[in-house]
Amino acid sequence: MLYHEKFDVIVVGGGHAGTEAALASARTGQSTLLLTHNIDTLGQMSCNPAIGGIGKGHLVKEVDAMGGLMAQAIDHAGIQFRTLNASKGPAVRATRAQADRALYKAFVRNVLENTPNLTLFQQSVDDLIVEQDQVVGVVTQMGLKFRANAVVLTVGTFLGGKIHIGMESSSGGRAGDPPSIALADRLRDLPFRVDRLKTGTPPRIDARSVDFSELEVQHGDNPTPVFSFMGNRAQQPRQIPCYITHTNENTHDVIRANLDRSPMYAGVIEGIGPRYCPSIEDKVMRFADKNSHQIFIEPEGLTTHELYPNGISTSLPFDVQVKIVHSMKGFENAHIVRPGYAIEYDFFDPRDLKLTYETKFIKGLFFAGQINGTTGYEEAAAQGLMAGLNASLFTQGKEGWSPRRDQAYMGVLIDDLSTMGTKEPYRMFTSRAEYRLLLREDNADIRLTEKSRELGLVDDARWTRFNEKMENMEKERQRLKETWINPKSEDIDQLNQILKTPMSREASGEDLLRRPEMTYSQLTSLDRFGPALEDQQASEQVEIQVKYDGYIQRQQDEIEKSLRHENTKLPADIDYSKVKGLSNEVVLKLTTAKPDSIGIASRISGITPAAISILLVYLKKHGLLKKGEEA
């Protein structure tokens, strides 16, 4: 049966990638259908109850700067907020929050149900309708056909999903949910490169069975940080602590004695797991010299007794899981309410994607989230937003858009995936970005909101707030530049008490703020340089921009040099075997990768600077270089 309404964009999957994709498409005015196997699981946190962290918090802020949902959802559902790396420089500071799962899911669903241009429908998708190498719709489990100009697949761990607990395995997309077998089979028939990955989750614990007096308490920050540029602390629910315990030699002995019952070590699981979130059995074997591992005990919400022991993800049999839990301090009598498990699933080589997340083989088909080999809610949300935006642009006949590596962590993410691919679940870190001093959490809106407004993603309220902040920053910097003090001023003693060395010559407010010992709040506490801005986001920007001005300018200069050929287009029909001087290896890699630009080609493993020079000469010879791209 053909559904009566044709949509502009169909999004398959209602997780963190799917919700952002559907909302981005709908926000840009496209009629959008979100298909999910279960409407009650929209926005569900399948693994740990937390958002943010190093590199990840940066992605959340970028999603927010572009009008996305994740930051606002966690501001309304976060039960403990912390700034990580608070003592370090602003480039690597990151926000992280524990979430109340129920509050988070409820907030997401409420937004989805009340978004114009967005229709929700509960059905699993079994097939794609493809005509002349272009997707034109989907077929659901009960044979319903929905037609659209573009389809975004955000299917998480559901493609060919298999759950492992010990040597027992069963089909599943996650505990309690069926996998997508028919869709996985259909995608394997298409010309994509496919492989398997693995992830896992720990057993959940009943808090009433834990002796908290034996645990170390970990409180959140006070005052709490806020994720969204539109958020405020009044939106946050009641704050509660987390706790810390440790594994010990007894724990490790239990694990080592039962490795023959681990599906990972017995060769049952073929997929590679996440390097930066390994299972407890992996940690014990890889770090054999360590006799203890820190385990973070995270509450799952304000109205549940469930605890998430972050650090003991496992696929060992349930009886072994019980022994592991009971071996830890404070957990001697702990009751497990849900067993831990590993899940193996299909992913598709992201080198088969364009920078817009559109697949290279099927027009109008976009992939986002774990299907691309990533791990993490934040990475999924960032991909979902970009895929949804570009699906919308595709349906409008407009050129796609993706930020560059120097503009956003989102740009680093898709560039890494589409040029290098991945053999293990990909996680974002600040260390992956060359220009991280420019890609800070605090300036995500300055980097992305104006472009997002142009693309139709940002509403009037956010745009008004953004312009207000920019105006406040500009006025405050001008005020500090124009306010001077000299060593003979009457109020010089007040200033010298703050400075490490007394003033010897006249200085402006900006000159003083550049000094490492001077903060904006200290400076504006002085009568001459007060009052401070009430807009805290703007004052934070003023301080960072003034203090790091030289370093920021240096990175900007580096970027301008590297961008000279970054966007030089490579024709889609170029025959690299006809480019004289390229080695057979380079020809093969370029033909396989089909890079869109010189910048992308330069980051493919094995493509040398000499090969790039040969390509530029070829492009110039054939009149394919624009003015300013020569040499």
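A Cβ is built for glycine as well, from the same backbone N, Cα and C atoms used for every other residue.
For Gly13, Gly14, Gly15, His16, Ala17, Gly18, Val125, Ser180, Gln370, the entry in Swiss-Prot reads FAD binding site. The 10 Å shell around the Cβ of Ala17 (FAD binding site) contains 34 further Cβ atoms across the protein chains shown.
Look at Met285 (NAD(+) binding site): DSSP puts it in a helix. Under the heading NAD(+) binding site, Swiss-Prot lists 273-287.
All protein chains shown were included, and the count of other CB atoms within 10 Å of the CB of Lys283 (NAD(+) binding site) stands at 18. If you compare every pair of Cα atoms in Gly13, Gly14, Gly15, His16, Ala17, Gly18, Val125, Ser180, Gln370, the residues listed for FAD, the longest distance is 18 angstrom. Around Cys277 (NAD(+) binding site), the same-chain residues six or more apart in sequence whose CB sits under 8 Å from its CB are Thr199, Ser313, Thr375, Pro425, Arg427, listed in sequence order. Residue environment of Gly13 (FAD binding site) contains 31 other Cβ atoms, counted within 10 Å of its Cβ in all protein chains. Under 8 Å, Cβ to Cβ, and six or more positions away along its own chain, Gly273 (NAD(+) binding site) finds Leu197, Lys198, Thr199, Gly200, Met264, Ser279, Asp282, Ala342, Glu424, Pro425. A helical conformation is recorded for Ala17 (FAD binding site) in the three-state DSSP classification.
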